[in-house]
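Feature annotation from Swiss-Prot assigns motif ''HIGH' region' to 57-67. Annotation comment: Swiss-Prot describes E560 as L-isoleucyl-5'-AMP binding site. If you look up Swiss-Prot, you'll see 601-605 marked as motif ''KMSKS' region'. Taken from Swiss-Prot, the feature ATP binding site applies to K604, supported by sequence analysis. According to Swiss-Prot, the feature Zn(2+) binding site maps to C890, C893, C910, C913, an assignment based on sequence analysis.
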Amino acid sequence: MDWSQTLNLPKTDFPMRANLAQREPQFLKFWQENDIFKKMLEKNKNNKKFILHDGPPYANGDIHLGHALNKVLKDIVNKYKSLQGYYTPYIPGWDTHGLPIEQQVIKKLEVNRHEVDPVEFRKKCKEFALSYIDIQRQQFKRLGVFGEWENPYMTLDPKFEARQIRVFGEMAKKGYIYKGLKPVYWCPSCETALAEAEIEYQEDRTYSIYVKFEVIDDKGLFSNLPIGDKKVYIVIWTTTTWTLPGNLAIALNADFDYSLIDIGNEILVVASELVERVMKTNKIEQYKEIARFKGKDLEYVKCKHPFLDRTSLVILGEHVTLEAGTGCVHTAPGHGEEDFEVCQRYNIHVIVPVDNKGYLTKEAGKFAGLFYEDSNKEIAKELEASGHLLGVEKITHQYPHCWRCKNPVIFRATEQWFASVKGFRDQALKAVDDVKWVPEWGRDRIYNMIVDRQDWCISRQRIWGVPIPIFYCKNCRKELITDETIDYIAKIFEKEGSDAWFSKDVKELLPEGVKCPVCGCSEFEKETDIMDVWFDSGSSHAYVLESREDLEWPCDMYLEGNDQYRGWFQSSLLTAVATKGRAPYRIVLTHGFVVDGEGKKMSKSEGNVISPFDIINEFGADILRLWCVSADYTTDMRISKDIIKQLTEIYRKIRNTARFLLGNLYDFNPKTDKVGYENLKEIDKWALQRLYKLIEKVTKAYEEYDYNQVYHLVHNFCVIDMSNLYLDINKDRLYASKSESLDRRSAQTVMYEILIALTILIAPILSFTAEEIWQNIIFKEEDAESVFLTRWPSINEDILRDEALREKWDKIIEIKDIVSKQLEIARNEKLIGSSLDSKVKIFAKCDIKRFIEENKDIIQEVLIVSQLDVEESDSDQIKVEVYKADGSKCERCWKFDTMVGKNEESLNVCPRCYEVVKSK
């Protein structure tokens with residue numbers, strides 16, 4: 001007889017093989033065609049809001065793994081909050097202005113940006129940006145990320161640009177915007193100023209040089225010293241030889257000691273603490289100190305520039321340290337922030353002997369026309385020939401590079417527009433402390449950055465961006481910016497976009513009758529610079545959160561990579577504090593970078609770049625989503641094919657658990673078949689308690705944004721509590737009991753609860769799989785169209801806190817673990833095959849023996865053995881003996897029983913199976 005026909009074997013359309021890459025698009029279609037995201041919002045529209053404001057990715061290429069990690073983490077936050085009942089509108093955004101797009105368009109059109117019509121050029125830039133928004137939009141949707149994809153925000157949107165102009169106007173009105181000559185990061189390749197957030201540091205090997213500046217006016221300090229006719233030189237040290245044409249001073253520290261060192265034919269001045277190191281580096285063996293002065297004594301000593309007809313004044317500065325060099329700092333106010341500031345105090349004028357493209361100007365004398373990098377060698381040769389080069393040293397140091405073109409940048413003093421951070425620094429620091437930073441070290445990171453940061457250079461010498469809305473009087477050159485002009489321009493931009501600045505005449509951009517407040521002239525010129533793109537994205541909170549009715553300012557969360565402490569987190573904070581006095585966010589959550597399997601940075605040159613679509617097309621988006629939580633995302637995340645393959649195994653275990661549950665619920669309708677708690681079998685009560693513990697821990701982990709903990713909790717529950725224990729134990733009563741028996745319905749009742757809860761718990765992370773499970777649940781108490789339209793599972797506190805139940809089952813599982821080891825030994829010795837082939841005898845001391853006897857049927861069921869005996873022992877340790885089971889094997893349930901075959905029809909089944917078969 002085919003006994004399988006009499007068993008309740010699992011039935012489900014939920015496939016064992018996931019085939020995610022092929023199946024996921026079906027669910028994307030389902031979500032889109034059924035407006036699931038819209039219905040999620042509708043379901044919670046009257047509830048408390050949770051607003052995550054999207055940091056806009058740059059619209060200039062396919063998405064990379066960093067983008068994928070970022071968007072998936074945001075999606076997890078939003079989906080969890082929505083399932084908890086929060087109203088969670090999510091507006092994706094794009095950063096669309098700036099240098100990278102300009103460069104791509106220049107390359108594509110093969111044009112010179114200085115010669116091209118700006119309006120036509122901007123049109124091409126816009127087309128380029130929009131084309132990549134469409135590409136990235138589809139790529140983000142393929143990840144399973146929910147959002148208002150057809151209604152995103154873009155920094156090129158006319159209304160966005162208008163709001164940005166108003167933010168600028170508000171800051172100007174408060175006196176935070178000014179124009180000044182200051183050294184800024186300058187990219188000669190891109191011919192524009194850069195902000196700190198646009199700088200990347202790379203390790204460079206270079207030469208540092210020691211240069212002698214001859215003292216020509218010692219203020220009489222050295223007149224009584226035994227110097228004779230020997231010349232005195234102050235020795236400076238620099239790693240940027242090309243800046244020497246800009247030298248106007250030598251800075252000393254007022255409190256340091258400086259030694260005059262006789263080296264035989266001349267006298268050198270260096271910081272006393274550094275004498276030995278300087279002499280050793282420059283291979284000077286014979287020397288002696290002849291005098292010592294405080295730095296403040298040497299103030300206003302004059303030196304002769306080594307190759308230009310100019311003097312260099314000795315000045316004092318607190319920035320001078322003894323960490324490297326000579327303690328005498330080469331000072332070129334046109335090439336350094338500290339140099340500039342210290343020279344300002346001495347009224348030393350600024351010269352900048354380097355042009356926009358990085359070539360030395362006539363102020364560099366004979367080196368004019370050389371590219372700054374090429375001048376290093378030529379200047380060093382000149383110094384050596386004239387006897388001013390004391391020595392050369394090869395060093396490795398971190399040097400700033402342009403984040404866009406990757407070329408080295410220079411410090412160069414130019415006229416730029418700045419936002420004065422000084423004016424609201426204290427407010428910004430207070431705002432930092434009002435925010436929750438995850439991880440906590442983020443607070444110190446951004447706090448220290450704001451403490452130390454200089455004023456924000458917001459002007460760029462480019463075309464594709466939002467113009468700085470300022471005019472200049474043609475007569476007296478006074479800047480014009482008023483509430484009236486800002487409002488007028490903003491209204492034009494609202495209708496026509498910022499292209500209007502480039503296409504319209506000045507008079508069309510100004511209200512009628514506007515005159516210069518200084519000289520009364522009515523003729524004006526437009527500012528030609530545009531705003532830093534960080535001002536664009538940094539203003540997004542003002543446009544997105546305030547202009548959409550369903551959002552609110554401030555938002556609940558910003559979530560980006562940890563490079564954004566000096567980028568978007570900071571630019572948003574500064575514009576918000578400057579205009580509103582507080583941060584635009586309540587929580588800031590950060591993640592690390594994506595690196596390869598060995599922890600190395602990904603780069604095309606290394607050949608170790610993995611595209612998100614390499615993973616999606618082979619393994620599916622859910623595997624990529626699982627990777628996003630498979631490690632601590634607040635640090636750098638490793639990825640490789642091997643790592644992904646390991647994750648597919650973990651995914652398979654979760655999927656198989658769901659499949660087993662689905663397969664055994666094909667005939668269970670919770671509306672009619674559910675068993676009340678008081679009638680549940682004890683093992684089912686225990687499983688329910690384990691489920692509630694899981695829900696409690698997973699909920700806490702989601703609340704704390706600890707998604708790696710969610711991953712481990714769910715995986716362990718599926719493998720340890722379910723597959724290895726509860727579901728394995730349940731197979732007999734699920735398959736072999738009467739289909740409608742209390743025994744089977746009890747198991748199904750709890751398995752149904754487990755399936756529903758587990759599906760919802762994984763939905764924020766494994767969104768496609770959770771939806772697939774949900775659609776395969778035949779009968780549901782709550783017939784929600786999608787898993788995302790249901791509610792977060794609740795907990796019965798009484799069951800969860802039932803300590804007697806927990807303690808009892810801890811003991812039972814401890815006994816099972818001991819017995820399982822002995823069964824494994826017996827299996828290896830070929831004494832038994834399946835555990836049902838065995839009879840187990842347990843030897844235990846009195847109290848444990850009594851416990852086993854009182855719960856013998858339960859323990860035998862948990863052990864999955866055919867027979868169980870227990871005997872008393874004096875030992876504190878439980879001893880287990882395994883024997884072949886008594887009786888014959890039931891052909892239906894495979895348990896051994898001495899009563900097999902002893903029935904009216906002489907069927908080779910046990911009494912339980914006979915009763916079931918007979919009833920059918």
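Cβ coordinates are placed from backbone N, Cα and C, and glycine is handled just like the others.
What you are looking at is a predicted structure, and each value in this text was computed from that prediction instead of being measured.
Set side by side, the binding-site residues C910, C913 differ in how many other CB atoms lie within 10 angstroms of their CB, and the most is found at C910. Across the residues of the motif ''HIGH' region' (57-67), the predicted structure has a mean pLDDT of 93. In this structure, K604 is the one among the binding-site residues E560, K604, C890 with the smallest number of other Cβ atoms inside 10 Å of its Cβ. Annotated Zn(2+) site C890, C893, C910, C913; additional same-chain residues within 8 Å of its Cβ mean position, judged by their own Cβ, are A736, E891, R892, W894, K895, D897, V900, V909, P911, R912, Y914. For the motif ''KMSKS' region' (601-605), DSSP puts the residue distribution at 0 helix, 1 strand, 4 coil. The secondary structure of C913 (Zn(2+) binding site), as reduced to three states from DSSP, is helical. On a Cα basis, E560 (L-isoleucyl-5'-AMP binding site) lies 61 Å away from C890 (Zn(2+) binding site). Taking Cβ-Cβ distances under 8 Å and a sequence gap of 6 or more within the same chain, the neighbours of C893 (Zn(2+) binding site) are D732, Y735, A736, V909, C910, R912, C913. Look at E560 (L-isoleucyl-5'-AMP binding site): DSSP puts it in a strand. Across the structure, the residue listed as 'ATP binding site' and E560 (L-isoleucyl-5'-AMP binding site) place their CA atoms 23 angstrom apart. Applying DSSP to the motif ''HIGH' region' (57-67) sorts its residues as follows: 3 helix, 1 strand, 7 coil.
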